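Database features (Swiss-Prot):
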type: BINDING; residues: Arg22, Glu87, Arg126, Lys461; note: (6S)-5-formyl-5,6,7,8-tetrahydrofolate binding site
type: DOMAIN; residues: 222-382; note: domain 'TrmE-type G'
type: BINDING; residues: 232-237, 251-257, 276-279; note: GTP binding site
type: BINDING; residues: Asn232, Thr251, Ile253, Thr256; note: K(+) binding site
type: BINDING; residues: Ser236, Thr257; note: Mg(2+) binding site
Amino acid sequence: MLDDTIVAIATALGEGSIGVIRMSGPDAITIGKKVFRPKYNKEWYQKDNYKIIYGHVINPETGEIIDEVLLSIMRGPKSFTAEDVIEISCHGGIIPLRKVLEVILRNGARHAEPGEFSKRSFLNGRLDLAQAESIIDIIRAKTDAGAKIAVNQLGGKLSEKVNGLQHKVLGLLAKIEAIIDFPEDDIPEENLLGISKECNSLIKEIEHLLAYADTGKIYREGLKTVIVGKPNVGKSSLLNALLHEQRAIVTDIPGTTRDVIEEILSIKGVPLKIIDTAGLRETQDLVEKIGVEKSRELLNQADIVLFVLDATTGISDEDRKVIDLIKDKKVLILINKIDITKNKIDSHEIRQLINFSEIIEISAQKEIGLDKLEETIFNMVVEGKITTTDSIFVSNSRHKHALERAMQHLLEASKGLQEYVPADLVSIDLKSSWEILGEITGNSVTEDLIDRIFSDFCIGK
């Protein structure tokens with residue numbers, strides 16, 4: 001419903017200098033007049049836009065002052081939601097924020113659902129769906145590069161590309177519809193093949209967008225990087241060295257790490273969701289056993305596995321058991337503790353055990369070899385081909401799947417044209433491709449999908 005007025009706390013709860021209450025809807029200014037008492041400008045609600053007024057939020061029933069505030073007024077359609085919007089900046093503690101929110105709710109507003117402000121911005125035509133989705137990506141960005149990709153999407157770069165693809169598909173559809181409308185005309189073979197070539201050209205454009213979709217997803221969600229190895233091989237020391245802080249407990253006692261430790265770090269703008277696991281071994285300790293099982297589960301989800309070996313002992317039976325678990329993954333082999341002794345591990349033997357692997361000698365304690373490790377991880381992600389300054393990244397799984405489906409229908413249409421199938425069947429594939437592309441920007445999308453997308457947003461956004 002867009003005929004009611006919504007309100008929510010727009011900043012994180014906790015102690016702070018200020019907190020913001022956001023209100024949007026047809027009655028925002030009317031409710032503001034009830035609960036806000038200006039210090040000077042008594043006619044603050046008049047037609048002027050973009051005002052900030054000093055005053056107090058009060059309980060209109062008792063006249064009690066609730067908080068000293070600044071009130072910002074932004075009239076629709078020149079606001080984020082394209083509706084009348086009021087934002088109240090009050091003191092940032094939990095109590096004043098909640099008391100201000102409660103008095104607004106008692107005077108006619110409804111508590112906003114998660115993402116409802118952004119949803120209204122989309123429904124009112126202020127943003128398209130891809131742009132609206134980028135807002136949550138900006139909020140959740142783990143690196144400067146991830147934020148840059150999201151800002152580009154908010155600015156409409158992806159939408160512009162998708163709209164262009166839709167326009168071209170519509171042009172092809174018009175040509176096919178003309179054939180359907182005039183079946184008595186003999187259509188030259190080269191005309192049909194020409195339309196097929198245009199389909200193939202669009203397919204190549206979509207393939208180009210999809211080529212870096214997995215990389216885009218990594219920038220958005222982080223590269224799931226799991227550190228594995230037998231107990232006491234230096235996994236926790238490696239985590240601490242990469243984070244440049246003592247995040248994990250390090251002792252000489254095997255099995256110190258009994259649970260999974262997860263942190264986010266940035267390597268040249270690439271976010272790593274790095275996970276230190278319990279040492280993989282058979283154990284009777286119940287807590288450690290649970291940690292080992294969780295480690296095995298995480299291995300199945302890993303984008304990259306950092307397999308740590310001990311340079312002082314060579315490859316043990318425990319190491320071979322770990323290798324059996326990771327041999328089908330993308331693995332970096334890290335030979336640790338090279339500062340203590342000469343490396344006793346035969347790299348040729350390792351390569352026989354794991355087909356794809358890069359071997360890097362490190363000392364987690366002395367931070368030797370970490371620069372090479374970081375460079376290798378970065379190159380594995382971007383393959384030396386990508387900068388995020390102006391690139392159009394498909395970082396959202398929903399967008400990726402939509403492009404794949406749209407491309408599949410174009411492939412079917414192209415194949416049908418080459419095989420001279422009836423034009424109305426080709427038309428079905430082209431229409432499907434056009435509609436699926438519209439799902440990305442919201443040109444053709446169901447209400448259920450809209451609700452599902454915005455439910456993932458935070459309240460107040």
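Just so you know, glycine gets a Cβ as well, placed from its N, Cα and C.
Nearest by CA distance to Ser236 (Mg(2+) binding site), out of the binding-site residues Arg22, Glu87, Lys461, is Lys461. The DSSP secondary structure for Arg22 ((6S)-5-formyl-5,6,7,8-tetrahydrofolate binding site) is strand. The two recorded residues Asn232 (GTP binding site) and Arg22 ((6S)-5-formyl-5,6,7,8-tetrahydrofolate binding site) have their Cα atoms spaced 52 Å from each other. According to its DSSP assignment, Glu87 ((6S)-5-formyl-5,6,7,8-tetrahydrofolate binding site) is in a strand. Cβ neighbours within 10 Å of Ser236 (Mg(2+) binding site), excluding its own Cβ and spanning all shown chains: 24. Here (6S)-5-formyl-5,6,7,8-tetrahydrofolate is bound by Arg22, Glu87, Arg126, Lys461 per the record. The longest Cα to Cα distance in that group is 18 Å. Ranking the binding-site residues Arg22, Arg126, Lys235 by the number of CB atoms within 10 A of their own CB puts Lys235 at the top. Within 10 Å of the Cβ of Lys461 ((6S)-5-formyl-5,6,7,8-tetrahydrofolate binding site) there are 21 other Cβ atoms, across all protein chains. In this structure, the CA atom of Arg22 ((6S)-5-formyl-5,6,7,8-tetrahydrofolate binding site) is 46 Å away from the CA atom of Lys235 (GTP binding site). Secondary structure at Asn232 (GTP binding site), as computed by DSSP, is coil. For Asn232 (GTP binding site), the count of additional Cβ atoms within 10 Å of its Cβ stands at 19 [all protein chains shown].
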